[in-house]
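S.K.: The structure is given below, and queries will be raised subsequently.
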Amino acid sequence: MTSGTSSQVRQNYHQDSEAAINRQINLELYASYVYLSMSYYFDRDDVALKNFDVKKPDCDDWENRLNAMESALNLEKSVNQSLLDLHKLPTDKNDAHLCDFIETHYLNEQVKSIKELGDYITNLRKMVAPESGMAEYLFDKHTLGDSNES
């Protein structure tokens, strides 16, 4: 947010960093909307894989779990690249606090998410026929589990 007056507590927080943070927030919101779309798709009664209603990519018809996971992985890689670009700006502006914040709260989580999605994709591909209803059901049941069960 840029206004006519400057904050009296702002120190070493460049306006370019603030603009880049705002762009990152917009990208994160977009990713959230995409994941919400995926969640609703997999929660439909004609799809009915309740544990698959968590992550999201760039369309409305996900066809199968492998497509959904690959789309999610691509989206997470895109978000990660945006975070890396964002991290470069405060590095160039000597803002160590913002660099640490981005690393601690965002970059580490992105790397974990990318690894987890990559593992899911590997397992789905090993199931020979990802279009197979039984393979998708078993993946949903045993890999993603039921968070509602005790």
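Start at 1 and count along the chain as shown; that gives each residue its number.
Quick reminder: no glycine exception, Cβ is built from N, Cα and C everywhere.
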S.K.: Taking TrEMBL at its word that GLU28, GLN110 bind Fe cation, choose the one of GLU18, GLU63, GLU76 listed for that site.
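M.R.: Given GLU28, GLN110 bind Fe cation in TrEMBL, the matching entry from GLU18, GLU63, GLU76 is GLU76.
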S.K.: Neighbour count, 10 Å Cβ-Cβ cut-off, for GLU28 (Fe cation binding site): what number do you get?
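M.R.: Step by step: centre on the Cβ of GLU28 (Fe cation binding site), count other Cβ atoms within 10 Å, giving 14.
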S.K.: Taking the center of the Cβ atoms of GLU28, GLU76, GLN110 at the recorded Fe cation site, which other residues in this chain have a Cβ no more than 8 Å from that point?
M.R.: ALA31, LEU75, SER78, VAL79, ASN80, SER82, LEU83, TYR106, GLU109, SER113
S.K.: For GLN110 (Fe cation binding site), list the number of other Cβ atoms lying within 10 Å of its Cβ atom.
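M.R.: The answer is 17.
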